[in-house]
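K.L.:
Got a structure for you, written out below as structure tokens; questions coming shortly.
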């Protein structure tokens, strides 16, 4: 989904019509044929006034990759740290969901699973594998098919956050109805329905046009897909977040509660982080569509690179939020790490060496499951 990152240095200095990047991948061919230098606008070139005189001014030079190899390093670190952290988060949330059977834990678990899929499909397969390793020598049919999975992963992540928001709103504003209707089975069915809908809504984005190959202004279909993307993953979800969160805060003030609960704090944190981190990407996309092309303006090029990096950070920050807010989550994470570390310790002990029995977590009866 996040198009437009730095090109690969090993590319040959030759530009062909089909050498553009994948439509939703994290890396592009837009630097093919360009030396690795930063080209700044010159007095004889096209200035800002000329850019705004027409929708897409004719500039023969292609926009250079100002960010260089920084996106490659950034996404490598993000994947190397974010993927293990997301897996640890998923295991901890799975334990909490099994133990408490609360819908909020099931929704957070599904949200984490969507983030893991996003990291694997977009960062690893789209950016690092296709861009840095394979140098973008991938059939166009494979690229377009991968678009479906990438958009579907983003849709699933955002819409599960909407389910979490609606669940918290129902629990606080309509507690009796929430207790009567909420159950693990109903929660799992709602998550399955959202995942199915996300996959179906990703199919139209098979025809998503790569922004780096738009030599002409976007067609009607391009505008429909881009506006559909902005509405389904940002504007509509943010509207739901704003309305429901406002109602929740208003309800808490009516009850005279000076502080919000942990579940509500996690909800507010998740929705706020998403709104802030995805705003630059949506703004730059709309600016590109109506003002200036990416592949002919190095400033839009750089802005989209930075916006994509900021948006992808959303897949790895929730772990820190959960640890900061919830003491229960921190304790569960420590127990997961302990359970992983113990077998490794036992395997490394010499034969016959005694190992001290593991102490059970405080507050649980003997033999109880964590």
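Backbone N, Cα and C define each Cβ position, glycine as well.
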K.L.:
Of the ranges 31-56, 265-290, which one does TrEMBL flag as transmembrane segment?
P.N.:
265-290
K.L.:
Given 6-27, 72-93, which one carries TrEMBL's transmembrane segment label?
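P.N.:
In TrEMBL, residues 72-93 carry the label transmembrane segment.
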K.L.:
Please determine whether the transmembrane segment (148-169) and the transmembrane segment (72-93) are in contact (criterion: at least three Cβ-Cβ distances under 8 Å, sequence separation 6 or more).
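P.N.:
No, these stretches are not in contact.
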K.L.:
Taking a Cβ cut-off under 8 Å, which residues six or more beyond the ends of the transmembrane segment (224-244) line up next to it in the same chain?
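P.N.:
Beyond its ends, the transmembrane segment (224-244) has Cβ neighbours at 1, 151, 154-155, 158-159, 161-162, 165-166, 168-169, 201, 204-205, 207-209, 218, 271, 274-275, 278-279, 282, 285-286, 289.
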K.L.:
Give me the stretch from 72-93, 105-128, 265-290, 302-325 with the greatest number of Cβ pairs under 8 Å to the transmembrane segment (190-209).
P.N.:
105-128
K.L.:
Could you name the stretch, out of 72-93, 105-128, 265-290, with the greatest number of CB pairs under 8 A to the transmembrane segment (302-325)?
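P.N.:
Per the Cβ under 8 Å count, 265-290.
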